[in-house]
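Engineer: Following this message is one structure expressed as structure tokens.
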Amino acid sequence: MQAQVFRVPMSNPADVSGVAKLIDEGVIRAEEVVCVLGKTEGNGCVNDFTRGYTTLAFKVYFSEKLGVSRQEVGERIAFIMSGGTEGVMAPHCTIFTVQKTDNKQKTAAEGKRLAVQQIFTREFLPEEIGRMPQVTETADAVRRAMREAGIADASDVHFVQVKCPLLTAGRMHDAVERGHTVATEDTYESMGYSRGASALGIALALGEVEKANLSDEVITADYSLYSSVASTSAGIELMNNEIIVMGNSRAWGGDLVIGHAEMKDAIDGAAVRQALRDVGCCENDLPTVDELGRVVNVFAKAEASPDGEVRNRRHTMLDDSDINSTRHARAVVNAVIASIVGDPMVYVSGGSEHQGPAGGGPVAVIARTA
């Protein structure tokens with residue numbers, strides 16, 4: 001198996017021209033696409049419909065290209081859209097493809113290479129979102145994805161991206177009508193509960209937390225429990241979790257590798273450099289032009305520190321009634337990463353409940369080997 005990854009700019013939420021160009025020119029085959037991971041220019045909140053709009057645009061395109069229904073497209077390709085391109089972040093999508101190749105002649109000296117596997121959970125009932133059923137279903141799915149990708153060791157997993165559902169007024173009403181409660185009656189807060197439950201599922205699958213320490217009560221409450229490689233993004237456009245596991249495996253060929261580090265806070269540039277160093281792209285204090293030329297994309301989570309401080313300095317992101325704190329945080333983290341890699345077209349998703357330490361989050365880099 002061999003993974004390929006392509007980063008493509010988007011001029012608007014329905015712009016599939018960059019991907020179409022790659023396919024028309026024979027750079028990639030539509031049949032080999034397994035995931036489209038996008039940053040869309042909406043507000044990243046409950047009523048951000050750019051995520052669904054972009055997903056629909058890609059489903060229509062691939063449906064026509066592959067000659068199958070949109071439903072079938074959705075069953076074979078994970079469309080994970082994260083809304084919010086605040087600050088200098090450039091809207092774009094990252095395309096993951098998997099080619100079936102024979103790596104039997106590969107030597108041990110060639111090392112591990114990027115392995116990717118997409119997988120889907122079942123659809124969740126509204127009363128399950130942000131609670132233990134979502135945790136355990138996500139954990140089971142991540143374990144299956146690791147097996148299918150040939151990733152034997154949890155330490156070889158460097159980034160797990162999840163698109164998860166949220167609660168709307170209608171979904172809450174449905175649960176109540178059937179005699180159930182929901183994790184929260186605030187639609188925006190439900191995004192955090194869903195992200196948090198999904199992240200804890202990843203942590204459980206990778207052995208970062210013990211199941212005995214998990215319950216409905218700890219979700220969005222006990223931030224000492226987290227995954228250092230989880231990246232979860234909630235949206236209105238689905239009711240299941242769509243997951244892509246990224247790691248390194250000797251069973252895969254190609255010239256791509258992935259590494260990660262843990263940002264302690266929103267301005268932790270040292271962690272960004274460490275993630276670059278993890279894939280051989282920052283030998284010295286700062287990456288060189290040649291090293292940056294091998295970087296395919298950077299992926300990170302962003303969050304306004306819940307204690308209201310960054311390095312003992314007060315911040316006001318949580319007190320802004322006009323702009324949600326996740327929007328502030330995305331702009332900050334994107335700027336930090338862009339200042340190091342020299343490119344604002346990187347993937348930064350807001351809301352990092354149980355995704356890295358409180359106020360921080362994981363940062364991962366996919367790059368070509370030297």
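Each residue, glycine too, has its Cβ placed from N, Cα and C.
Source: prediction; values computed, not measured.
As listed in Swiss-Prot for this protein:
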type     : residues                                                            : note
ACT_SITE : Lys163                                                              : active site
ACT_SITE : Ser233                                                              : active site, nucleophile
BINDING  : Arg51, Ser82, Gly83, Arg195, Ser233, Ala234, Arg330, Ser349, Gly350 : substrate binding site
BINDING  : Glu303, Ser352, Gln355, Gly356, Pro357, Gly360                      : Mg(2+) binding site
REGION   : 1-103                                                               : region 'RU A'
REGION   : 113-250                                                             : region 'RU B'
REGION   : 256-370                                                             : region 'RU C'
SITE     : Thr326                                                              : site 'Important for substrate specificity'
Engineer: What does DSSP call Gly83 (substrate binding site) in the simple three-state scheme?
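Structural biologist: Its secondary structure by DSSP: strand.
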Engineer: In terms of DSSP three-state secondary structure, what is the assignment for Gly356 (Mg(2+) binding site)?
Structural biologist: coil
Engineer: If we check Cα distances from Thr326 (site 'Important for substrate specificity'), which of the binding-site residues Gly350, Ser352, Gln355, Gly356, Gly360 wins as closest?
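Structural biologist: Ranked by Cα distance from Thr326 (site 'Important for substrate specificity'), first place goes to Gly350.
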Engineer: I'd like the per-state residue tally for the region 'RU B' (113-250) from DSSP, helix first, then strand, then coil.
Structural biologist: 58 helix, 32 strand, 48 coil
Engineer: How does the model score the region 'RU A' (1-103) in terms of mean pLDDT?
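Structural biologist: Taking every residue of the region 'RU A' (1-103) together, the mean pLDDT is 96.
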Engineer: Rounded to a whole number, how many Å is the Cα of Lys163 (active site) away from the Cα of the residue listed as 'active site, nucleophile'?
Structural biologist: 5
Engineer: Rounded to a whole angstrom, what is the largest C-alpha distance between any two of the residues Arg51, Ser82, Gly83, Arg195, Ser233, Ala234, Arg330, Ser349, Gly350 that the record assigns to substrate?
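Structural biologist: Greatest Cα-Cα span of the listed binding residues: 16 Å.
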Engineer: For substrate, what surrounds Arg51, Ser82, Gly83, Arg195, Ser233, Ala234, Arg330, Ser349, Gly350 with a Cβ no more than 8 Å from their Cβ centroid?
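Structural biologist: So the additional residues around the site are Gly44, Gly84, Met191, Gly235, Thr326, Gly351.
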